[in-house]
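Undergrad: Supplied in structure tokens, the structure appears directly below.
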């Protein structure tokens, strides 16, 4: 579809509405299942340090499958790829429901999620264009965060009420997501005709990695989103252990409600980014990234529920404002160089490598007995410094460009 035709279409086209609905149900299932499965492994008396291992098994599938999922997203109609991926998530949820190993079941959900991600973001570049793409990303993030908000809370509350009911609801929601994908119009494959031999696919993927990491703008986007999502998933697990220590509450619902506050904030931040940031002014998001680390440090020292809610909403606002423009930048640049699906697969590799590293470090310090408040403070300080270094590095790169003779 030509860029002129896309520019003339309304943002909330039939295609866009179908994608947003499918994404909502899929993300709802992901988040409800995470907290229901965490409740299950607590009930089965797994040690505290095993909780991040659950997420590490999930993100490891992204890393292993990274060379293949981008080409799959670009080689087939993306709506159908999303449908099959949601079917794999449904299968993983059923594995857990039927009492098999929860780590195995959640890893199968990870396989579906790894295949789903390049397709869901890559399709945005096929149904929107130009500055609409930033707004489309904002709407995608809003849909995702609304699902995180409702799914996380539903998973925690249902798990406190009846654990098997919580797991059954997760499977049902994935089934609805599969059906919702049928309403996404079938679009032509973005890049058909590529080799499907694993060796050729791996070589093609690492060529895409090299091209994206060599370009200063896409490298900036990849580094920023990797740091953000690595920190975000670690914060989720930090909250599970922080709540009993700081607030004296030992249920499953409170950590999910606190995670929901971050989700509410991200919706607001994503909307602000769509309003105030364009592809030409992406660097406006960097101060928000530094402030995320500052706010996490302040949050870790709280013992008041109202202040915890307020600070997590602020963290979410800053997070939405930070990550949405970076996603849009990568999709726009990647679409014209390596294909949107490959670009998102490379992004997923970076983000999930960061998640695996941060979760592994977090699991280690918890196993070593570090106080959870001290872990939170250190985590916030390190994140703020990392984004500040990224900001300084990007500023230096820009200065070098302006000094080069034309």
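The backbone N, Cα and C atoms fix where each Cβ goes, and this holds for glycine too.
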Undergrad: Using Swiss-Prot as the reference, determine which range in 139-159, 202-222 is annotated transmembrane segment.
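TA: Per Swiss-Prot, the stretch marked transmembrane segment is 139-159.
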Undergrad: Please report, as numbers and ranges, the same-chain residues at least 6 past the borders of the transmembrane segment (253-273) whose CB is under 8 Å from any CB of it.
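TA: For the transmembrane segment (253-273), the far contacts come to 35, 134, 137-138, 141-142, 145-146, 148-149, 152-153, 155-157, 160, 232, 235-236, 239-240, 243, 247, 285, 288, 308-309, 312-322, 324-325.
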Undergrad: Check the transmembrane segment (227-247) against the transmembrane segment (91-111) for contact, please; criterion is three or more CB pairs under 8 Å, pairs 6 or more apart in sequence.
TA: no
Undergrad: Count the Cβ pairs between the transmembrane segment (164-184) and the transmembrane segment (372-392) that lie under 8 angstroms and are 6 or more residues apart in sequence, then report whether there are at least 3.
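TA: With fewer than 3 qualifying Cβ pairs, these stretches do not touch.
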Undergrad: Do the transmembrane segment (53-73) and the transmembrane segment (285-305) come close, with at least three CB pairs under 8 A (pairs 6 or more apart in sequence)?
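TA: Per Cβ check, the transmembrane segment (53-73) does not touch the transmembrane segment (285-305).
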Undergrad: Are there residues at least 6 beyond the ends of the transmembrane segment (285-305) whose Cβ is under 8 Å from a Cβ of it, and what are they?
TA: 224, 227-228, 231, 235, 242, 246-247, 269, 273, 277, 311-312, 314-315, 318-319, 321-326, 373, 375-377, 379-388, 390-391, 394
Undergrad: Look over the recorded stretches 91-111, 310-330, 372-392 and say which has the most C-beta pairs under 8 A to the transmembrane segment (139-159).
TA: 310-330
